[in-house]
Protein chains: 2
Amino acid sequence: MAPRGFPLAHTLLGIALRLFEEVPTVQRILSTDLPAHVGEKVLVEGHVHRVRALKRVAFLIVRDRAGLAQVVVGPAAGLPEQTAVAVEGTVVANPAAPAGAELHDASVRPLGEPAAPLPFDVHRPALTATLPTQLDLAALALRHAGRAAALRTAAAATAAFRAALDARGFTEVLTPKIVGSATESGANVFALDYFGTPAYLAQSPQFYKQTLVGALERVYEVGPVFRAEPHDTGRHLAQYTSLDAELGFVRDHTDVMAVLRDVVAAMTAAVGGPEVPAEIPVVHFTEALRIAGAPDDEPDLAPAHERAVARWAGGDFVFVTGYPMRKRPFYTHPDPARPGYSNSFDLLFRGVELVTGGQRLHRHADYLAALAARGESPEPYAAYLDAFRFGMPPHGGFAIGLERFVARLLGLGNVREAAAFPRDRTRLTP
Amino acid sequence: MAPRGFPLAHTLLGIALRLFEEVPTVQRILSTDLPAHVGEKVLVEGHVHRVRALKRVAFLIVRDRAGLAQVVVGPAAGLPEQTAVAVEGTVVANPAAPAGAELHDASVRPLGEPAAPLPFDVHRPALTATLPTQLDLAALALRHAGRAAALRTAAAATAAFRAALDARGFTEVLTPKIVGSATESGANVFALDYFGTPAYLAQSPQFYKQTLVGALERVYEVGPVFRAEPHDTGRHLAQYTSLDAELGFVRDHTDVMAVLRDVVAAMTAAVGGPEVPAEIPVVHFTEALRIAGAPDDEPDLAPAHERAVARWAGGDFVFVTGYPMRKRPFYTHPDPARPGYSNSFDLLFRGVELVTGGQRLHRHADYLAALAARGESPEPYAAYLDAFRFGMPPHGGFAIGLERFVARLLGLGNVREAAAFPRDRTRLTP
């Protein structure tokens, strides 16, 4: 084949466009498909990941969405790293090449060059840039294998969450992110102006998913939730992805825990995470305090207590059930046998709370009583309480913080590494 | 089996709880599974959909997530419609029953009763309540078969969107909904206070999906977008669900259109919609004007023009390409051969714009020139423009408005009927 022509420079509407004299003569293949095309002329497209120049030859490593392709080029054919390129060449088997085969007799056409020298290397095993720099320059940092892998892990875990629930008769729903009252927790909400009316960003789809149990019985949502978190820690984000599920006609919270176990098992299996036992160990809150050596009037588990319970349970997962009612939201269903405690649970993953859930109240009168007991007016909850005026089954659900799950699973030190463009107290860009 | 006991009333923490003396002795089955259990004792759970009282017998129609189950009960066993119930009984074949079988010798236990008479019936073929009332009382209205079907259609279409893109090497991404500048279009943004800094709700994931093409090459997102739409029409929502996709290494917009064709075909197939032809007709904007009898200096297609083009094309779908550059966003790629026109497209579905997309600029210098040509400073776009500093391939994408798609497909008169809890200029609840 004739060598590729150089781009022609055109100026149209003041915009410099580059056209190619020739269009590709072969179909594009992915780097991972190279071994199936040994001896053939192929087109590979991707970014220049790395250039390794030896004395008489240079290797261009091209990264596409599937992996890396090694291209043997002349010593002077170096292009800046991260240049988007199209490479036509002949596939030659080479067990030492990343894909097990490489391209020879290659013609390389730049499709998009960097406008300036790169501020840091993307091809090294670990990024040398600090986390703040990585986040500032996400467009570059996310090209690093480790950062991109975290995004792919989040996508795979989310797909598994959906598939597990689809298989169990759940319907995906989409609910409002702008709400009229800051009901779920007065603090930590973002306020906005909604056509002249004060409104808030939703902290969770809790009320909506409960309402939809009446219509669809089993529902889930994957969506953003917003917390105006004043903390600046490695565990908090101002926007994160909540994997929410809610189901009706449960006996109590243990039915919810059984679904959650299967969902988490599907999620970890999809991303090569730890195996989830058929029966996750369950510890009642009062027993958890005893295990942790904490006073039995503690209202909640401190992080150190959670770690102690995890050590005691062994394995990666343990359920703690029966948290005191006073520490759970007003819609929480009490344990009928021990009414100071609730039909709720946390799922600890490697000693850290990963999922919160439980059975909810389902009778209108119980909601009114629960709000009255907390000295709250039912007025701001009017639209929510409607759902319980129309006949609701016993129900419950859970919420998984996706970025926390991914960070914990991959051993990332900071939840920000599990988000493409994290938002926190001081970060609003990119 | 012994008849079920009546609930015991307990008062715990001021909350009236009802316990049952006996737990169900059989596994729950869904209404649609009744025919497989003829002669067996089973448990069915759901809402009382309708009560039909005859002289000596009454029929309780119970709605669960799969369908309707008919229960033969004594004449006095009526319960208010929408009561959540558990029914144990023996399955008897009856071709006249909704599921082809019904329950006899049934014991019915209420699980959650309505707190007040229902404001409208849910079981009738069409809801008698006006749309505003339906939206006000969504918790009840969404139990109607038609309203619930729209939600299920949205879920199925979304699942098909994802599956089609997953199969083509796309990665799902999740991007910020709070952004630092109202860049994409100055108007119609919701402003909020972000820890003391002005911020805005994202009108689209456009910039983020483009940026992620550099890292993952092919990405999609299903998420909420926000438009402070001053219009109060049947086509506009203040929050809607955008099905966004973006892919790198395209030749031009026609590669994007080919992916879109396959995605829309998968979506309509999943919901029993019209078949999408292997080749959707394509009309250039200039030709569309001619077909519509419009002056050839019109900058855009009016709705009447779109309808004329659809009539001319026949079938449900037609692409219009090459919209004038001045009517498209600054990141739009011009047509190299006719630079006043763009490498963009709209997909019309039954005469209405359903999808917008196109090829984007991919060179940093082209972005600077495009902004300069529009008299805009690059400053507010700094974080976005970074993506193009690091080497980007030719790329493009599209965005499908989910609620519009569902409304158009189901022939709903108002896009609000395709959302569970729509948001518009005057509606912030439920």
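Using N, Cα and C of the backbone, Cβ positions are placed for all residues, glycine too.
In TrEMBL this protein carries:
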BINDING   A:Glu184, A:Arg227, A:Thr356, A:Arg360  L-aspartate binding site
BINDING   A:Arg227, A:Ala228, A:Glu229, A:Arg235, A:His236, A:Leu237, A:Glu353, A:Gly401, A:Leu402, A:Glu403, A:Arg404  ATP binding site
DOMAIN    A:159-430  domain 'Aminoacyl-transfer RNA synthetases class-II family profile'
REGION    A:206-209  region 'Aspartate'
SITE      A:Pro98  site 'Important for tRNA non-discrimination'
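Here the features listed in TrEMBL are painted onto the structure.
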| residue | record | contacts (Cβ under 8 Å, 6+ apart) |
| --- | --- | --- |
| A:Pro98 | site 'Important for tRNA non-discrimination' | A:Ser31, A:Ile61, A:Gly67, A:Leu68, A:Ala69, A:Gln70 |
| A:Arg227 | L-aspartate binding site | A:Asn188, A:Val189, A:Gln203, A:His236, A:Leu237, A:Ala238, A:Gln239, A:Tyr240 |
| A:Glu229 | ATP binding site | A:Asn188, A:His236, A:Leu237, A:Ala238, A:Asp424, A:Arg425 |
| A:Glu353 | ATP binding site | A:Glu306, A:Asp346, A:Leu347 |
| A:Thr356 | L-aspartate binding site | A:Ser344, A:Phe345, A:Asp346, A:Leu347, A:Phe398, A:Ala399 |
| A:Arg360 | L-aspartate binding site | A:Gln210, A:Tyr331, A:Thr332, A:His333, A:His395, A:Gly396, A:Gly397 |
| A:Leu402 | ATP binding site | A:Ala154, A:Ala157, A:Thr158, A:Val222, A:Tyr240, A:Thr241, A:Ser242, A:Leu243, A:Ala418 |
| A:Arg404 | ATP binding site | A:Arg235, A:Tyr240, A:Val352, A:Leu354, A:Val415, A:Ala418 |
>> Per DSSP, what is the helix/strand/coil residue tally across the region 'Aspartate' (A:206-209)?
In response: 4 helix, 0 strand, 0 coil
> Within 10 angstroms of the C-beta of A:His236 (ATP binding site), what count of other C-beta atoms is obtained when all protein chains are considered?
Replying inline: 17
> Should A:His236 (ATP binding site) be counted as helix, strand, or coil on the basis of DSSP?
Replying inline: coil
> Given the model, what does the mean pLDDT over the region 'Aspartate' (A:206-209) come out as?
Replying inline: 97
> Going by DSSP, is A:Thr356 (L-aspartate binding site) part of a helix, a strand, or coil?
Replying inline: strand
> What kind of secondary structure is A:Arg404 (ATP binding site) part of, going by DSSP in three states?
Replying inline: helix
> Should A:Arg227 (L-aspartate binding site) be counted as helix, strand, or coil on the basis of DSSP?
Replying inline: coil
